[in-house]
Structures are given as structure tokens and as C-alpha cells.
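Visitor: Annotated topological domain 'Cytoplasmic' per Swiss-Prot: 1-28, 86-105, 192-208, 292-314, 444-455, 548-637, in sequence order, evidence recorded as sequence analysis. Here Swiss-Prot flags 48-64, 127-171, 230-270, 335-423, 477-526 as topological domain 'Extracellular', drawing on sequence analysis. The N-linked glycosylation site annotation in Swiss-Prot covers 248, and the record cites sequence analysis as its basis. The region 'Disordered' annotation in Swiss-Prot covers 573-592. If you look up Swiss-Prot, you'll see 582-591 marked as compositional bias 'Acidic residues'.
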């Protein structure tokens with residue numbers, strides 16, 4: 001039976017004194033304080049500079065964002081502290097193959113910018129569930145996807161980031177875990193609720209710069225310490241822990257020696273930890289779900305000035321996604337060389353002694369190197385990098401979750417809600433999500449496993465493929481209708497939940513004690529399972545759609561690929577119902593506004609609730625046209641297309657080099 005650690009054991013395990021004392025000096029603390037002050041200053045500047053008093057201003061930054069902050073925000077929204085912990089940890093455990101999750105994303109970003117975003121913008125939507133409502137009609141798809149997306153935010157996105165951030169906080173600051181997380185989430189929630197998407201994007205840009213600078217510095221220290229790249233490749237394959245026996249266990253050499261294919265990304269289709277067919281066929285499916293249908297990501301692309309800026313932002317982020325191999329994966333592998341007994345520990349009692357967890361300490365590879373290698377001041381900078389990655393991801397999740405709740409759920413409960421009420425509801429929901437996140441921390445703490453990145457990717461493989469299948473068919477197959485899409489999602493969700501719940505119930509097992517989960521359910525690698533789930537959902541969707549009535553083209557103009565350039569007027573499927581609701585709501589009357597005191601005016605300014613001048617009918621039409629415009633300047637179109645081709649060539653080359 002596998003050794004386990006109860007929550008109380010984790011809480012009572014003392015942190016190693018040398019690590020917890022590392023940040024207790026004036027230089028490091030000063031850098032961290034300066035970081036927080038600068039981030040808050042940028043957030044406040046964005047809060048005062050941008051228009052947050054309208055739905056479009058708060059949730060889409062008024063569609064006035066340039067390509068470079070959008071690209072930085074896309075990168076920062078994706079790269080959280082769980083990447084520094086998860087990618088480095090899996091790199092330490094098994095080598096470079098884990099970077100394929102990042103490199104696949106570079107290709108998906110091009111598909112996002114060239115195929116999916118033009119459809120989303122032409123449809124005039126703010127959220128992904130809203131797109132499904134326009135494309136298929138009805139409300140059950142919109143509500144279902146909104147609730148599922150919020151569920152994924154809590155159990156996957158937020159939980160992974162908080163868990164990874166908690167590792168740094170515990171090691172570096174020695175603070176109480178819950179106090180530190182509460183402070184981080186509180187700061188994050190404040191400038192998300194007050195600043196809107198523009199504030200999030202500008203702070204993401206700052207934090208991307210901090211992340212890249214700090215990560216490059218640590219990479220330099222790491223390669224210098226290990227003696228260069230050639231020395232690194234030689235020493236890694238010999239990095240085995242000194243203690244490989246104990247706890248009355250018979251431990252196989254494969255559990256503690258580096259893999260023979262550590263420096264290759266394409267591994268055996270059956271025995272590989274990341275099999276090569278899964279990389280080619282399964283990984284793009286989960287990447288498609290995350291990058292092309294995920295509210296957190298797509299919302300950033302919907303705020304671009306024009307399509308050229310959107311495409312340039314996607315290219316910028318795609319290039320940045322090539323860096324984690326050198327900034328995270330290889331430093332994690334170097335950490336195994338430098339701190340072998342801790343990072344590569346295999347005997348449960350030894351692992352508990354080093355990091356308080358019996359399943360392994362690979363998740364501590366990057367944090368340990370930060371605290372051991374970096375000099376004073378730079379240690380504070382690197383902790384700021386970790387905090388930056390954590391907070392940038394959380395702000396993105398909070399803002400997008402707020403958008404989902406407000407646009408897709410709250411408007412169903414309060415059909416006559418004013419714009420001001422919707423803005424307030426969105427902000428309050430962020431605060432509620434903060435509370436839920438804190439409550440979730442104990443569950444994350446006791447469910448930690450040896451490799452965080454495999455946890456996040458497996459959950460994505462169980463929940464994401466049905467969503468990806470429906471969006472692909474919605475855009476490329478106009479014959480698909482609401483009944484097919486709904487039941488395709490339902491069947492896919494049932495299949496995914498059966499696999500996920502069964503795996504949680506039996507456990508994923510470890511090298512020391514394999515899981516007892518039935519092979520028919522858990523015996524298939526999660527990347528292979530994502531392929532089955534994707535095409536299974538697609539077949540159900542197509543089959544039911546072909547057996548039921550098609551949607552007339554008049555309802556599909558600019559909502560699917562073959563009709564994307566149509567200039568015909570589109571009639572929404574629920575147009576009659578919508579018209580009746582507007583009639584029932586009545587016309588909003590203009591009442592003379594009462595004089596407001598200084599404190600109330602300051603409150604409105606801080607929360608973005610101040611009213612701007614009322615738009616004329618012509619101005620409203622111009623704004624609506626701007627929000628659905630996909631035009632490009634010819635010169636910019638040529639530049640971004642050339643860069644896209646160049647990027648694809650680079651991605652193919654690096655895959656071949658490390659194959």
C-alpha cells in the first residue's frame with residue numbers, strides 16, 4: 001500500500017530552517033515591497049485612465065488595446081506559478097518531454113487568431129457561452145457552459161495556482177499559509193474588481209516583464225552552477241539519490257534513475273510517460289479547448305484595436321511560449337543535479353523529511369533553486385516573479401469568471417438589471433470567488449501528487465475535449481443544431497466525469513505502489529482518452545443533428561466559417577423572445593440625477609460606476625460597429641502572416657531537434 005500523509009501531518013511538518021530563513025533580510029524584503037507598490041500603482045493608473053463605466057469598457061477594455069499588452073497579458077494569463085512548479089518539477093522527474101504542452105500552444109495561438117477570433121468578433125459576443133446561444137439558440141447551452149467553466153476555474157485553474165504559490169510562500173517567507181494566501185487574493189481581487197480588463201492587462205504586461213527578467217537571471221545562475229549545457233546533459237542522467245532503500249519497501253531502479261529518453265520529446269507509445277501519439281493527436285485537442293474556447297484567453301483577444309493587433313498579440317505570445325523549455329524545464333532538471341537527495345527522493349520517509357510530502361519533492365525543484373542559488377535582492381526579485389505569475393493568472397481568471405457570471409447567468413436571474421447593477425454584480429462575484437478559493441486551499445493541500453503538471457493536464461483531458469468538439473463543429477459545420485450540441489456536451493461530460501471521479505477514488509498511484517483503478521477506465525493514458533472523448537462527443541453531436549431539423553442560414557450569418565463574410569442581416573434564433581423581453585422591460589426613463597457628495601463621487605470613481613455622457617443613436621451604432629469590426633490594414637496583414645509562417649517553421653525545427 002502506498003504511504004500517505006494526512007492533512008494534520010502536512011500541517012505539523014516543520015519547514016527546513018535554512019530555506020525559511022532565506023528571505024528574512026532587508027534587501028529581499030525591500031524588493032518584494034517595491035514590487036507590490038509598483039503593481040498597485042499600475043493598477044490604479046489603469047483604473048483612472050480607462051473607461052470602466054460600461055459593460056464593454058469593463059469586460060472588453062472598450063476594444064482599444066494594442067497588440068503588445070494583449071500579447072503580454074495572454075502569456076501572463078497562462079503562465080502561473082503552477083508552471084514554474086509543475087513544468088520544472090516534471091522536468092526534474094522525467095526530462096524535457098513536458099515542454100511539448102507549451103510548444104503545442106504556439107500553434108493553437110495561430111489558430112485562435114486566424115480562425116476563431118474573427119468569428120467571435122463578427123458575432124458580437126463577449127463570452128463563449130454567449131456565442132453558443134447565438135449560434136444554436138435556447139439558453140441551456142449557455143447556462144451549462146457557464147457553470148462548467150466556473151467549475152473548471154475553481155477546481156483546476158485557481159487550485160493549481162494557489163497550490164503552487166503556497167509552496168513558494170511556505171519556503172520563502174515562513175508565513176502562515178492561509179494568511180499569505182488571503183493577502184495575495186485580497187490584493188488581486190481589489191484591482192480586478194476596481195480596474196476591469198484594462199487594469200488586468202496593464203498589470204499583466206508589467207508582470208510579464210518581471211517574470212522574463214527574473215527567469216532569465218535564474219537560468220543563467222543555474223547553467224553557471226552546473227558548468228554549462230554539455231555538463232548539464234552529462235550530469236542529469238547520473239542524478240540519483242543517495243538513499244534508495246527504506247520503509248520496508250522494495251524500490252525498482254526505474255523509480256529513482258533518470259529516464260533513458262530524458263532529452264527526447266517523442267517517447268514510446270505504450271511505456272512513455274507522455275507518448276508520442278498523444279503529443280501529435282491528443283495534446284492539440286486539450287490545447288484547442290484551452291486557447292480557442294476558454295473565456296480567460298479569448299477575452300483578451302476580443303479587446304484588440306483591430307484584427308491585425310489581435311494576430312500580432314497571438315504571435316507575440318506564441319514566441320514567448322517557446323521559452324519555458326529554457327526558463328523552467330531545464331532549470332528544474334538542473335535542480336535535480338544540484339539537490340539530488342531532495343528533488344529526486346524516492347523513499348517516503350526521506351521525502352517527508354525534505355519537503356513534508358511522501359509522494360515526492362519534485363514540485364520543490366524550482367523554489368529550492370531560487371532560495372539556494374540567488375544572492376540577496378535577486379531572491380526577492382525571483383519571489384516577486386512567482387507572486388507576479390500567481391497574481392497575473394488569478395486576476396485573469398477572476399475577471400473572466402466575473403464576465404461569465406454577469407453576462408451569462410446574472411442576466412438570466414435579473415432580466416431587467418441596469419448596466420450599473422451588472423457592473424456591481426460582476427465585482428461582488430469576484431469577491432465571492434475569492435472566498436471560495438480560500439476555502440478550496442485545504443482540498444488542494446491534501447490532494448497534491450508528485451507532479452502538478454500531470455494533474456492539470458489530466459483534468460483538462462477529462463473536461464475540455466467535449467467543449468472543443470462542439471465549438472469546432474459550431475464554426476465549421478453549419479448543419480449542427482442545438483439538440484446535437486447539447487447532447488454531445490452531455491455525453492462527453494458524463495464520460496469525462498466517470499474517468500475523473502474513478503481516478504480520484506482509486507488514486508493515480510505511484511512508481512512504488514501502482515493504482516488499483518480498473519484498467520478499462522484508468523488504463524488508457526489521459527492524452528489517448530482525450531482523443532476518444534473528442535471524437536465521441538463529435539459523433540454524438542453530428543448524429544443527433546442529422547436526425548433533427550437544421551438551422552436556417554438566416555440565423556447563421558457571420559456565426560460559422562462558410563458564412564463569415566456574409567453581409568446579410570442576421571436574425572437571432574431567439575429574436576422574437578428577445579423582442580418580447582425588451583417590450584416587457586419597458587423603456588428606461590431618464591430621471592434627473594440627484595447631487596452627489598464628494599465621498600459618493602470618490603466611491604463611484606474608485607469602482608468605475610461613474611456615468612459618462614449619454615451616447616446618441618449614431619454614437620451607439622458606431623460603437624457597435626467597432627465591437628464587431630474585423631478589418632485589417634494590408635501592410636499589417638502581410639507582416640503578421642509572414643511572422644506566422646516563420647513561427648511555424650521554428651516550432652517544427654525545435655520539435656525535430658529534440659525528437
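Yeah, the Cβs are placed from backbone N, Cα and C, and that goes for glycine too.
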Visitor: Using DSSP, what is the helix/strand/coil residue split across the topological domain 'Extracellular' (127-171)?
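Guide: Going by DSSP assignments, the topological domain 'Extracellular' (127-171) contains 41 helix, 0 strand, 4 coil.
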Visitor: Using a 10 Å radius around its CB, how many other CB atoms surround the residue listed as 'N-linked glycosylation site'?
Guide: 5
Visitor: For the topological domain 'Extracellular' (230-270), could you work out the same-chain residues 6 or more beyond its ends whose Cβ comes under 8 Å from its Cβ atoms?
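Guide: For the topological domain 'Extracellular' (230-270), the far contacts come to 3, 94-97, 99-100, 223, 276-277, 279, 330, 333-334, 336-337, 340-341, 344-350, 511-512, 655, 658-659.
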Visitor: Over the span of the topological domain 'Extracellular' (127-171), how high is the average pLDDT in this prediction?
Guide: 83
